[in-house]
Amino acid sequence: MDFELRRAREKLEKEQRDRIQKAKLKLEREKKAKQEAIRQREAIEAVQRARRLDAAQAQAKATQQIEEELLAGRGVAFSRVLEAVPYEGAGDKIKLPPSCFTELSDQGAFDKGPLHFRVSVVHQSSPSDLKDAEQNNCTTHAGVLEFTADDGVVGLPSHICSNLFPAEFPMVPMVEVCYVWLPKGTYAKLQPVEAGFSDIPNHKAVLETSLRQHATLSKGDVLTVNHGVLTYHLRVLELKPSSSVSVLETDIEVDVIGADPTAESTSQPVLHPLVLGKLDSGVVAEGSYVYYKFQIDDHNWGRLSLGDAEIEVKIESENQNGDTDLYISRHPLLFPTQHQHSWSSHDIGSKALVLSSRDLGLGPGTYSIGIYGFKGTTKYKVSVNIQEKSKSRIGLEAFSVSSTLSANADTVECENCKHYIPSRSIALHEAYCRRHNIICQHTGCGVVLRRDEVKNHVHCEECGLAFQKEEIEKHKKVFHVPLTCPCGIVLEKEKMVQHQSLECPLRLVTCRFCGDMVQAGSSAADVRDRLRGLTQHESVCGSRTAPCDSCGRSVMLKDMDIHQVAVHQKN
């Protein structure tokens, strides 16, 4: 009996302990659940509070941006995020959708003068990439060309694309276009990226021609200037009165400083300065050119024009396996070639080209020397010297001529060499002459040769000129191998030089109105312009107007000389 009572009591105590333990566990679970609910509620409230703060900040930022846009746009608030699509075009004018025209027109933007826009990249990457992108210059400014782009798309010319995306053009580029008001520029400092821009004759006029295609300038942008087949890049270092200015209808002072010495070298040819009287050495590979420049000032030209001196351009080859050709041109032809040059020398080995005042086209100015690698890799030394003419040599020639004339009365013509010999020694001379000398029988030649020189004396089958045997192969390659002009015509060297200098529609000429090197093109469409000798480009370029210095009237540039004579009686 006691055993059963004990068993019952133990069972009851165990059940009570279990109930108490379960009650404690339930209380702990309820406590944890309450704590978790409080934590979740606090987290939700924190997120909602952060969202409210972000929304408030976004609203404040949007309000501030609208106020800034209104301030920058002088009361016009226009901003669009559009997909950028490149198009082939010069300058900095973009193409916008027609809807932008309506929005700008409704706000009276066209009444405030030329339209200018701030174009900036919209980054769609991670926050770290966005931070890096913000440190780079991904903003520039532009004008507008037309409102013909598709909805949601903006057309960007190459200038805008290269400044916004200097590394590579993304797959789906998005840009923000905002209307801004820009002050008129008064000063700009530019630095060429490549060397040689200052060698262009009247390079500021060339730059002015390029800037006519631009509406704005922004600090840090890189301008592309084309001059014939050459392309130069200029970085904008400084602008006044602000970091972004308008260049429309304004006179802006441009300062072009020296090229960046840290810039990478390019394949574009460069003119190396050459000082008169000093040697310079170099190496030229086969098929390539090395260029130099030298200058004839007024003092030296005075000596040359009097006939007391002459210019000698000399190339000394230092190795026997290579050979070069020498080409010289006067600026504005910067880089002479086998197609375009003023003077040339094709002698084998070392060569010298002597120019005097009798040479057509020589005068004070800057000249370019082109050394062409004709065969192999050649080491050379080049120099330009102004040397006095030898008076003793001139006197000797005069004495020789006078002696010959005075001896004509008592001379006899040698039947072999056709020279006049004194009659007292004619028999001895003819005996010696027939044994040692032979006359070249080629038509028009008649050169007296030593017998051991006959085998090396040959004539070109094409032109009949006489050469040494080792020179004839080079002569044929240089002068008689047909050359193809970019316009399609095929001519030999001498005719090709004349064609590309005077006739080729693709030849580069200097426009008399803008100073730029442009293709000559075909004849002008206007009959009056053709009678004036204007090219197709000059006919269009000369149609621009400029105020007359005497009366202030706007006159076309090509009619300015007629206006000065007819209205102001000026020659």
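Placed from the backbone N, Cα and C atoms, the Cβ positions cover glycine too.
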When TrEMBL is consulted, the range among 5-50, 373-418 described as coiled coil turns out to be 5-50
Report the mean pLDDT of the predicted model across the domain 'TRAFD1/XAF1 zinc finger' (534-563), rounded to a whole number. 87
How do the residues of the domain 'TRAFD1/XAF1 zinc finger' (534-563) split into helix, strand and coil according to DSSP? 13 helix, 7 strand, 10 coil
